[in-house]
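The next block holds one structure in the form of structure tokens; read it before the comments.
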């Protein structure tokens, strides 16, 4: 007859179950975000790179929910009451952790690419900005490599949870890399946007940049704060399983934040149109000369005085512009970013 589980083992099983329920909830939220994305009129304008990020994220999240469900089934259904399963976890646990590392790197690289695109690329973004983004991508890659190394080592110790403290050095690199990558991306984005806001001569552009900054900070702080909390818990309580809940939660949370960032473009686009109308209404009572604008039947488009019709959520009011390859930003001929619009929010 097997001995009853210890309080520590019961606590570990309880934390595991609570974490899986949280993961399922985030998975449901992710599919809500995915539905909103596919229903959005902007999604059909997204280029191959954006859609690739979305499709790979879907694949990773489907894999994650399968591994998470298998973990619960193996530990709390098939082996209910078996004490050994608490320490020798199912084969799906390391793979579920691996999806967290992939989701983290995927989201961080997505935001690095967005910042790079908004900056105008290597020729317009500046060496310092591009350098920081390069560092962010390298750190994100290191995060994934450390996550992969952790899970390989975890298999080598027969998935014995009691031996996980022997992998603490790898865990430090894994968790610290996730935190640093988030904060580098966040600080780089805010500094770049504030610089362009300062250089812009358009009040409407300044207002839109403020909205984009707020949206990025609000979404980015969620993952950055949780990743930092995970690192702190690990450093303070390295032998407990509390941090496991945070580690499993990070993956779907990064996926949700990435999709929420894409979906926010619709609201910012609506705000852009409202600001456009207010600006044009106000200008009709003033003496300052402005380019003529004609609102046409499609509420998502407008026409300038030079006869160019385009998506209102994708351009700024300027008759001397060139298209950027991401189909989301138009640059002035003096290479300043006077237009940060909703499609790249």
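Each Cβ is built from the backbone N, Cα and C atoms, and glycine gets one as well.
Look at TrEMBL and you will find 179-266 tagged as domain 'DUF6534'. Marked as transmembrane segment by TrEMBL: 20-37, 49-73, 93-116, 128-152, 172-191, 212-237.
Stretch with the most C-beta contacts under 8 angstroms to the transmembrane segment (172-191), considering only 20-37, 93-116, 212-237: 212-237. For the domain 'DUF6534' (179-266), residue counts in helix, strand and coil come to 80 helix, 0 strand, 8 coil, using DSSP.
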